[in-house]
Amino acid sequence: MNHRTNMQSDADAPVLSLQGVSKRIGSKWIVSQLSFDVHKGEVVGLLGPNGAGKTTTIRMIAGLIGMTEGDVLVRGSSIRSDWKRAIRHIGAIIENPEFYPYMTGCDNLKQYQRMNPWISRERIDEVVRLVGLEQAMKKKVKAYSLGMRQRLGIAQALLHEPSVLILDEPTNGLDPAGIREMRDYLKNIAREEGISILVSSHLLLEMEQLCSRVVVIQDGKLVTVRSINGGSGESEQPGQQEAMRVMFRVGRLEEAKRLLEGLDLAEVLAVNPEQSELILSLQYKDIPGVVERLGSGRIPIYLITELKQSLEDEFLKWTGGNQIA
Amino acid sequence: MRSFSLLVVNEWLKMAKKRSFFIPYAIAAVAAIALGWILQRWGGEMMSEASALDYTVLMAGMSGFGQMTAMLAIIFTAGIVSGEHGQGTIKFLLIRGQSRSAVLASKYTAAVLFTLSLAVWLTVLSFAAGAFFFGMDAGEAGWRDVLVAGGSSLVYSMIFMTLAFMMGVLTRSTGAAMGVGMASVMFSGIVIPKSFYKYVLFPNADLSVYSQGGHAPIQGMSLGFSIAVLAAYLVLFLVASFVTFKKRDIA
């Protein structure tokens, strides 16, 4: 038994493991019994509406906030009882990265170098190159844009060669170009440095594009853990039995609707007269049948699109949508 | 030990890289030189016999600029902990694998060094200005008097700097730390002639009252008594700071 766990820990033990993490403030449980793992090289999203406990969780992982119950293991070291060893493997950006504005980027990084003296001068250069800030190192941080500060934040987090990067709302306040840049950096880092990333956000689209797995929490409790399958490749071969939602934009909407209602291949879910659209629920293999039927009625078809259940829809479903947390 | 001294270097750089860093030293320099000039010019009888050491004792002592040193030390170290909270840099500071006690101790060490440097700077400059304006002839005061004057100013400054430091940790507010520190410096001059008051910090803060055959501010006080009271307060301030800082949730 013992032998087996040892074997496992070498191969695919989680880099970061939350075990029943709970935080109580007063009589309110901000986070309760939260457990999940992050494995090597994985990008995991921590998703939840505002006030769900994302920031508290992230701060507990970094040891900034004490836990009421549970523990966090970072490469097997407990953040509670062996903080120094555990934190060694963590790099973090918590909310907006804040630096000493009156110092240059270089001086700021040197501050962190002095706190972990094993970091070499070369490592600083390497990290600065990775985030593309070579030109800005001699400038004072107060002259940096938010995007540059984010990059310096990443550099700061990578300095001591951590195994896992934890990021709290890393794209808050960035413009679309900045968000995209950030995403590219993070993917790059996960791939090239083999670092696991745990990123919290309430921005669903972003999570969809960045993460391979999302952990959804609400009111401090785990709602669900979902894998996000890689991008568009998925739609090519959907499950044969599963009904999918497809939008048809057609001419002569009423007539089209009547035609399809007589057909038991598809179910009309909704009619959208403004756009002249029909939303159907049907199986993948039945799409040609529907097209044939419409064609036989000489209905013009302008557009056929699969309506994918987006992460957003699912998210609202999981978290009970309309209630403001 | 080496890693701790690197932390102190960090804290020192955080102060020294600010553009306002030279201001307290400049204020002390201007004060030491300007007063020397004024006294030489218009001091008349009073200063005709004075020497460089006399002037140094006057300036560095509590009757001169001892209080000013305390105020400058408070103003420029009040933000050393609360500033990190205010700027949000505390988050990065506390996840670098250095214990919170070490981080806070490095900050306090830097604040002590700063206060010490101010006191030494003021004393050296006073002596230089005194030598220039009044010459090196032997006056009334000796080196021992300089030591007593400078030393008691230093103790005074350290006590109130530590009080402001604690307020900064407890309230996370630079304003509160500075306000309480400065107000305490103001109140320290007031002596309420009641026996309970001798256990209060204020009447004990100025140790120079015991030199030159001076008498205690309140009956029953002595040099040893005051040192004990000051030491107790110092320990209290530091314990409160460290306990709070270690336990605090960084939200």
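Placed from the backbone N, Cα and C atoms, the Cβ positions cover glycine too.
The feature transmembrane segment is assigned by TrEMBL to B:21-39 (among others).
Sequence annotations record features per position, and here TrEMBL assigns transmembrane segment to B:59-81 (among others).
Feature annotation from TrEMBL assigns transmembrane segment to B:108-134 (among others).
For B:146-170 (among others), the entry in TrEMBL reads transmembrane segment. Panel annotation: around the transmembrane segment (B:146-170), residues 53, 56-57, 60-62, 64-67, 69-70, 73-74, 77-82, 104, 107-108, 111-112, 115-116, 118-119, 123, 127, 176-178, 180-181, 184-185, 188, 201, 205-208, 211, 230, 233-234, 237-238, 240-241, 244-245 of the same chain, lying at least six beyond its termini, place a Cβ under 8 Å from a Cβ of the stretch.
Among the features that TrEMBL reports, transmembrane segment is placed at B:177-197 (among others). Residues 67, 70-71, 74-75, 78-79, 82, 156, 160-161, 163-165, 167-168, 171, 203, 205-206, 217-220 of the same chain lie 6 or more positions beyond the ends of the transmembrane segment (B:177-197) yet place their CB under 8 Å from a CB of it.
Distant neighbours of the transmembrane segment (B:217-245): 81, 100-101, 104-105, 108, 155, 158-159, 162-163, 165-166, 169-170, 191, 193-195, 197-199, 201, 203-205, 207, 209-210; these residues of the same chain sit at least 6 beyond its ends, with a Cβ under 8 Å from one of its Cβ atoms. Residues or ranges marked as transmembrane segment in TrEMBL: B:217-245 (among others).
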What same-chain residues lie close to the transmembrane segment (B:21-39): Cβ under 8 Å, and 6 or more beyond its ends?
15, 46-47, 50, 55, 59, 65, 68-69, 72-73, 75-76, 118, 121-122, 125-126, 128-130, 132-134
